[in-house]
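For reference, the structure discussed in these notes is given below.
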Amino acid sequence: MTITVLKSAPGLPPAPQGDAADVVQVMLARLRAEGEAAARDYAARLDGWSGEIVVSPDQVARASEQVPEDLKTQIRYAHDNIRRFAEAQRASALDFQTELRPGLIAGQKQIPLAAAGAYVPGGRYAHIASALMSIATARAAGVGQITAVSPPQVGRGVHPAILYAMSLAGADRILALGGVQGVAALAFGLFGAPPADILVGPGNQFVAEAKRQLFGPVGIDMFAGPTDSLVIADSTADPLTVAWDLVGQAEHGYNSPVWLVTDSAALAEAVLAHIPGCIADLPEPNRSSAQAAWDALGEVILCTDREEMAATADRYAPEHLHVQAADLDWWRGRLSAYGSLFLGELTTVAFGDKASGPNHVLPTSGAARYTGGLSVHKFLKTVTWQQVAPQALPDLARATATISRAEGMEGHARTADIRLEKLRPTLRQVGTG
């Protein structure tokens, strides 16, 4: 593979190891022992919130009145797309049964989880879309009870637009809690919520670490890191559009990588020339975030042809993969490692982040090599069942007993033998023994 790196990523300075893990471990131990009292104390000390933790329907209604009507309209538009896509996913998850041999019947069944916990970030940015992505998807899957948490703002509580989105998407219970205490409330079933079977939704390093430490007794959507995006662009792409797509994703934060992969040196140089102006056009703190991410983690890679571009993209396995190149059908068929694929100049990643329909909770840090993003399937248990009739028993019992004894598992073999012996008289009568 012959590639040229036109802009390299020097990377971030080493982060202190163990700090977040140690802090989270101590917090979870206290929350597990002291429950709601500890959660209230952390909310007061860390978020400056001493108000009600459980958000009542009346509070949601009053908060919704503060949301501008145009914003409500656009939230409903996004919710409708997300819900429709999730419902289509649910329809694709089918129960079935099949007769493998005469009398040997097996099947598959989809069972929704009893309870889900959705974490909705609310720090520097009000992540309205995250509420829709997590809650609407769980609702489409048929989850029994959905509890949502989001960090309260000092003197105000949960952001009104987030509350509106949570309610619209179908949350059964909303808690004004953020950080580790919010995740713990979902996992442990605090404030009247049932303990969650799965924890979903993005968050900062402490939220991600809390989910990691809780995983096992409770499921999680994924181990998520900073968001990342890769743009594939050929000579047909518009350099200014590509530059804005890179900068628009870099504004997520100083630790959000963005990569451009192209086979056009002219396009690469033009994009590099546009980047500073695009960053300068952003307001603060977005400008500083985008600049830091671009300086430390932005890369521009020049390849010889589209096959090399595709191979490079697959090696990076980005969370978001945006193709602005000719022959989109070829790219859709060739690319194989990404969280979500955005095809064509019109299909900016921001559409997927906010409103187009497919879920924006996606694998990061190269995890797209082996897994996909949040979907209704995360809220479903795909279980199997089997049933044996007399005519299937002789062959099945012999195979089981023989394999079991070859493995040294005599007890397993006896469970097959005893059934064959009990049915042998009947099997002789029907001529199958």
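Numbering starts at 1 and runs along the chain as displayed.
Placed from the backbone N, Cα and C atoms, the Cβ positions cover glycine too.
Feature list (source: Swiss-Prot):
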type	residues	note
ACT_SITE	Glu319	active site, proton acceptor
ACT_SITE	His320	active site, proton acceptor
BINDING	Gln249, His252, Asp353, His412	Zn(2+) binding site
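Sequence features annotated in Swiss-Prot and their locations in the structure.
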{"residue": "Gln249", "record": "Zn(2+) binding site", "DSSP class": "helix"}
{"residue": "Glu319", "record": "active site, proton acceptor", "DSSP class": "coil"}
{"residue": "Asp353", "record": "Zn(2+) binding site", "DSSP class": "helix"}
{"residue": "His412", "record": "Zn(2+) binding site", "DSSP class": "helix"}
Residue among the recorded positions His252, His320, His412 whose Cβ has the most other Cβ atoms within 10 Å: His320
Between Gln249 (Zn(2+) binding site) and Glu319 (active site, proton acceptor): CA-CA distance (Å): 11
Other C-beta atoms that fall within 10 angstroms of the C-beta of Asp353 (Zn(2+) binding site): 21
Count of other CB atoms lying within 10 Å of the CB belonging to Gln249 (Zn(2+) binding site): 27
Other CB atoms within 10 A, centred on Glu319 (active site, proton acceptor): 29
